[in-house]
Structure formats: structure tokens, C-alpha cells
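Report on the following structure.
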Amino acid sequence: MDASTPLPPASSSPRCNPAPQTIHIEFPHHSSSLLESLNRHRLEGKFCDVSLLVQGRELRAHKAVLAAASPYFHDKLLLGDAPRLTLPNVIEADAFEGLLQLIYSGSLHLPLDALPAHLLVASGLQMWQVVDRCSEILRELETSGGISAGGRASSLTLISTTSSGGWCIRSSPFQNPVRSSASTENSVLPESPAGGEGSELEGMLQIQVKVEEEEEQGSAAPLFQTPQPERVSGGVSQACGSHPLPTPALPSKPSEDESSTVDPPAPPVQASQILYVNQENVECKEEIARGTKEKTKVLSGEDSEEKEELRYLLSSGGGESSGAGDPSWKPVDLHGNEILSGDGGPGGTGQAMHGPVKLGGTPPADGKCFACLCGKRFAVKPKRDRHIMLTFSLRPFGCGICNKRFKLKHHLTEHMKTHARALHACPHCGRRFRVQAFFLRHRDLCKGQGWPTYHWTYK
């Protein structure tokens, strides 16, 4: 056998090749050590690829870390990968630097009065875990009385937990222990003093977390809150300054002084059956331009059944118009024309008044919901409008050539055929148009080409 000839591969048997064994290696503190190294690089200015300008202060960071921690930075860097980012002026530099430290280290130590600023910045950066945790801290402090205790809870520390995947609160060594969040759900907010630094700070904190608390109060309101009239109770505390404290959603028991001053509820009064008649007006824009006020007609149910007459009341409370004198306003039809009745009507003395009427209450059984002031009712609105126009000889459709007016649109269409020979004719091709705008458009496009009887061609 030649030495250059390759040897055939040896046949492998299942007995010679055992199944491969896998080894699982885990480092529990790898993420924390990695964050610590990244934070050290940030502080030393190593491998930083973005500069953040906040109120004239420049901070260096890593794009990958910012994009992973904040959806705001993720979208901003995705749209424009710029080496320098300028944040809005509403973001405080100290609060942003604290949140940047929280992103890299997973913990944050801050004074209590700086918590609203950090909450505002976290909301702007869309760091919702931090927003939720800060809101929970504020609720726990309010429940435990840590805010109104004269500044005893002066500092807080936010740390991250790998087990829960969020943020948790750790009290300072000189801070009173706070109650768990589970106990705050069934507890009632205590009253705080009306003056002092504690109440002012509480008002500031309540304003900053107003958006977050509204969502939770909306979900908890159907469980605890009962429908009550809006009133300011004497037992609810008010913060000093121009920022009032929001009242708690939980119902509170009124005090003895309050119960003595509050009037007892009035007995229920049976509402009278009144049908509201609202006049419809097509040309409402012209009415508003003229400065006219909206008129409201009220149709009493009892009078309509017994006497079948209408009483017109002014919406401003001017009183009821008498039948002998002229009313202070004139009823109008769909097109803004004055409705004439009595001696001035086109039909002579005693002619019924016409106008669109909107019936309130339950719809009639026959389905005729569109009524006229004369008493007739129609199933569809066009028939009611046609009835009013024909009764008053309204002619809203006018001819633009001879200034004749017609009651219905198809009458105007038939009338336009009489002007077929006198309409606009193209001097180049001889084509005639009824509308001047169409004629002008055609004249600009026509180049003298003839128009055959079987085909029209546009250029």
C-alpha cells in the first residue's frame, strides 16, 4: 500500500462513543458584578459612547445600558443614534443623576424631599417599575404617618431584588419601620395637621403621584366608594399652600358637628311629565353669526292632552308668552325663515303653525317620531321637511341663470333643461356646459379638438 493513500476511517460502534455529558455552571452574583463593573467604567469615563446634557451638566453613559433600562432612551437611540442627547429642561440634573446611579448599581439612597423630583424624572423616562415603587413608598409613608411625624423619615433607599424582578424599599437606620403594602389596602388615611412642614411636603408628594394614584383609585373605587354628593367635609385635612390635598376615595364617617349642620335629605318628589321640544335649525352657523340666542320650546304633557296647545318658554327664563301680545322671539323654519301665523300667515287667519318638533320621552308606538307644530307626525325626517316646505311655499332651490326658485330639487333640474341652448358653449369644440365652473375647467383643457358623437376624449 502506498504511503500517500489515505486510510479508510475506522468504523464507530455505539459502545465506543458514550452519550456526551453536560455540565451546568451558574454564577449567582454575575449580574451584580457586571453592573458594578459597568458603573465603574462609567465613573471613570471608559467605553462611554453617549453624552447626556441635563440643565447644562454633561453625564457620560453607555447606550446599551440606557436602552435596556429605559424605553424612552430605547426609542430615542433607535430613531437617531447620536453621540450626544439633550434632555428636556423639566428634568432636574440631580434627580436624573440619581436615577442613572440606580440604573447602573440597582440601588439609590436619597432624601425624602427629593422623592417627588425622582418620581417625575422616572415618569418622563418611562421607568414604570421605579414609578410604581415610589408611589407605593408614598402610600406606605402616608399610612404609617412617616410624612407628618416631623421629618423622622428623612431618607430612603431603593434597592433592586433579583428574586422579584422589581424594586423594593429599605428603611434608613434612623427611620421608623413602615407597614407592609398589604396592610395599606384596608387602612384609612389618617388626618394630618393643617400646617407645618410635614403638610406642605405631603401636598407636594400628593401632586407628583396624582396620575399614578388616579389609576389605582379608579380600580378600588367600586369596592369602597359609595355615590355621595360632592361636598367638602370638615374632617378632611388641607395642606398649607396653594396645592390642596386630594381627598381619599374611602368613605369617611361625618363628625357630630358636621352631622348637625348638614340638612336632612329632602323627600323624593315625583317628576312631572314634560316633553321637551327642541327646534332644529339647519343654518345654525348663520344664527350664531348673527348673535341670536337659542330658543327652547317646552310642551307640557297635560296641556297637550287636554287643550292641544303649545307654550313657548325662553331658555333665559323670560317667562311664558301670552297669546294676546306678540312673543319676544319669532319661530323660524328649517332654512331660517320666519314662521308666520295668524293674520300674517299665507293662509289667512287661524292658520296652524308649522315647524320641526322633536318629541321627548318614549317613542310613539306607530314609529312616527318626526312631528310638526301643526300636529302631524311622520316616520322619516325627509317627509316632515317636505311637508313644512310645501306648506310655507319655501323655495330653497334657485336657478343661477334666471333667479327662479323651486320647492324641490328635481324641479330645478327639469328647469335647467330650458336653458340648454343658452348655457356656456366651448368656442373650440362646441360642447355645452350647464355649470360655469365645468366650462372654465374644460376650456383650459380643450385644445380645439372636435367632439365626436360617439366618443369624448380629454387631453
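Easy rule for this one: first residue shown is 1, then count along the chain.
Glycine residues also receive a Cβ, built from the backbone N, Cα and C atoms like all the rest.
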Choose the correct range: of 33-55, 125-147, 424-446, which one does Swiss-Prot annotate as zinc finger? Give that range.
424-446
Can you check which of 6-28, 190-212, 259-281, 397-419 Swiss-Prot lists as zinc finger?
397-419
Count the other Cβ atoms sitting within 10 Å of the Cβ of K368 (SUMO2 cross-link), across every protein chain shown.
16
Mean pLDDT for the zinc finger (397-419), rounded to an integer?
79
